[in-house]
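A.B. asks: Pasting a structure below so you can have a look.
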Amino acid sequence: MTLSDSEPAPAVDPEIRAERAHLAASRAALRRMRDDVLATETPAVFGDWVSTQVLQQARALRAEALEDIPDTPLFFGRLDFEAGAVFEDGDGHRTADRIHIGRRHVHDEHGRAMVLDWRAPISVAFYRATPQDPMRVRTRRRYGFDNAARLTAFEDESLTDGAPGGDLLGGELLTAEIERPRTGPMRDIVATIQPEQDDLVRAALDTTLCVQGAPGTGKTAVGLHRIAYLLYAERKRLSRTGVAIVGPNRSFLSYIRNVLPALGEVDVDQTTVRELLETVPVRRVDDTGAARVKGDARMAEVIRRDLWSQLREPAETLVVQRGSRRWRLYPDELRELTDELRGRGVAYGAGRDLLAHRIAHAVLSRMEAAGEACDDRTHDQVRRSREVKAAVAAIWPKADPVKLVLGLLTDADRLASAADGVLSPEEQAAVMLPGRPRGPKSARWSEADLALIDEAAALIRRPESIGHLVVDEAQDLSPMQCRALGRRAASGSATILGDIAQGTSPSATGDWPTLLGHLGKAEARLAVLDRGYRVPAQIIGFAARLLPSIAPGLGAPVAVRRSSGALRLTPARAGSLPDAVADACREGLKREGSVGVMAADADIADLHRALGAAGLDAGVLGETDDALEAERLVCVPASLAKGLEFDTVVAVEPSRIVAAEPRGLHRLYVVLTRAVSALHVVHAEPLPEPLR
Ligand SMILES: Nc1ncnc2c1ncn2[C@@H]1O[C@H](COP(=O)(O)OP(=O)(O)OP(=O)(O)O)[C@@H](O)[C@H]1O
């Protein structure tokens, strides 16, 4: 129906009108705050181009963080407190105690808060107050918005009228948010974070957290919101040391990339383990046996032994010529210096530098004893002399991590001596590199090799640590990858997120304490999330039939949603499978949201072609970074499904997904738990046994 000029516009509730006015005023205030930042002159630091650039970059980042994202409402809630709980003016005269809560802090030109940041301590009550413990809140208000971010509704919850609160906080607006048809990349959940999640989001920076959570319990959401929270609460500390999130692959990172910017955080490194460790190009996938041995923590001992076996017994007397005089250090003295350094547990590279210093020091002591005047310059000259350099090179040769691992994995005798008593002969044979690479560039490295190179690199020089590391899908990390990540958070803390039942890598962990031990974070706080916000109960019930086989002892999440008709199984004849898949896609596309067609990786190309022939345009995940944004219908190789969600999932031929890899049942569990509204299983072969 369209309104003609003569018809009056429908009356807007005065409360909504007032809230809209506050929203508009807040938006204007945010614009002013951003303009102010942009208008500040960054002082040109005289003659210091780098400092000027740093200041300008900081200003640009601040301005970017204050950008108003048009389809993201600036506030989403309001708390009305008991009078005097929050604000009190100078005369002791109490004013209205009301705060609007939003994604960032907004103030007017007098500095008065118009919207308070959800991360501020006072906002905690929005997420935790209940009628049993109202935290001085009288009323909690939540807002509803249309797709254009126009405020259209609100919902008040009285915390003082004695009515018992529900199990979940958020009432109908929460239900609407959870049931919202999914399209494109992930969104933040800042308006509806639940108490059990908020408790993890706001854990102190020094706490290393490990969250085991079934599919859809909000682990990724918790990890992202925790980053935003920590950057707010500990901005000073973290601006020096940094924050990073490590996800399983690029498609996943692309799926989550909008969440932190929507929360005003634009300066977080989002990466994969492979990218983090990639010092040589990866050109090969290891077979399961090799990957398992290379990922085993025993490899650390093999590498350590090989590196240190390069030290040589001092055999020759060092003679340093200074003017007409010669100064000697005998092999015994050199051995003593070397042993002392080794005993101190220094990194290999640092030990090498220190040896040169120690030798120079010993020579100088001799010179001084003979009455020569020495100073720092003399020390430097001796340390850098040809003779001292040659002695250090002979005793403590330079080491290169890539060459070390290449040498170890291409020379069976060298490996045998480093791995003696650590790896069995079969295990040693399994890790050897194929072919006869002539050098690091011609070797065909695998992803598991990267962690070995990183181990060697860290033994030579310890890497810098970052302030906080969030690792998602951590159950798939090998012990060697854990060590690599743990080193990067050695002086910081970490948030480790995962689900043992979704472990698909050859080295996937069977329990968290072991993995945390490899990370060097044995003291982590272990938490469990078990309320599922994504997958409807019927689908979870179906997928959970796999649990006794893949993760005995782990339960299914308690689904927050039921949706009738969410699960469909369609048996098809072999020849008509593509038609049945196309029909299922058409069915899914009738709804509002995204449709993910998931199949064994090897079947995706054929499936994509068949859909095209049936007149269905589909993207292929992994081929382009924006497949999730560009298309509503996306073909998803099973190996890339982890962490993602689609409104409808069409799971094609489960038995082939299972047969494709050793942990195929785990992979199938991941695939079956990606659907928000509907799961349609299409198969010509019999379903895997637990699903029959
Ligand atoms: N408190 C909440 N309010 C609204 N939506 C939520 C809430 N918690 C989680 N969700 C939604 O549930 C879905 C699943 O969340 P998320 O991807 O973080 O789960 P996960 O535990 O990482 O799942 P998986 O292990 O399957 O990858 C997302 O769409 C997320 O937005």
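Placement of Cβ uses the backbone N, Cα and C atoms for every residue, glycine included.
Take a look at what TrEMBL says about it:
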BINDING   Gly213, Ala214, Pro215, Gly216, Thr217, Gly218, Lys219, Thr220  ATP binding site
DOMAIN    192-536  domain 'UvrD-like helicase ATP-binding'
A.B. asks: Can you tell me how many other Cβ atoms are located within 10 Å of the Cβ belonging to Pro215 (ATP binding site)?
C.D. replies: 27
A.B. asks: Tally every other Cβ atom lying within 10 Å of the Cβ atom of Lys219 (ATP binding site).
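C.D. replies: Excluding its own Cβ, Lys219 (ATP binding site) sees 25 Cβ atoms within 10 Å.
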A.B. asks: Give the sequence-ordered set of same-chain residues, not counting Gly213, Ala214, Pro215, Gly216, Thr217, Gly218, Lys219, Thr220, with Cβ within 8 Å of the centre of the Cβ atoms defining the ATP site.
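C.D. replies: So the extra residues in range turn out to be Asp499, Leu529, Gly532, Tyr533, Arg534, Pro557.
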A.B. asks: Count, for each of the binding-site residues Gly213, Gly216, Gly218, the other C-beta atoms lying within 10 angstroms of its own C-beta, and report the residue with the smallest count.
C.D. replies: Gly213
A.B. asks: Identify, in sequence order, the residues in the chain of Thr217 (ATP binding site) that are 6 or more apart from it along the sequence and have a CB within less than 8 Å of its CB; answer 'none' if there are none.
C.D. replies: Leu529, Asp530, Arg531, Gly532, Tyr533, Pro557
A.B. asks: Are there any residues at least 6 positions away along the chain from Thr220 (ATP binding site) with a Cβ closer than 8 Å to its Cβ? List them or say none.
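C.D. replies: Within the chain, Thr220 (ATP binding site) has Cβ neighbours under 8 Å at Met186, Ile256, Asp472, Leu497, Gly643.
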A.B. asks: For Gly213 (ATP binding site), which of the three DSSP-derived states applies: helix, strand, or coil?
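C.D. replies: The three-state answer is strand.
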A.B. asks: Just counting, how many other CB atoms are there within 10 A of the CB of Ala214 (ATP binding site)?
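C.D. replies: Within a 10 Å radius of the Cβ of Ala214 (ATP binding site) lie 30 other Cβ atoms.
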A.B. asks: Take the domain 'UvrD-like helicase ATP-binding' (192-536) and average the pLDDT across it for me.
C.D. replies: 95
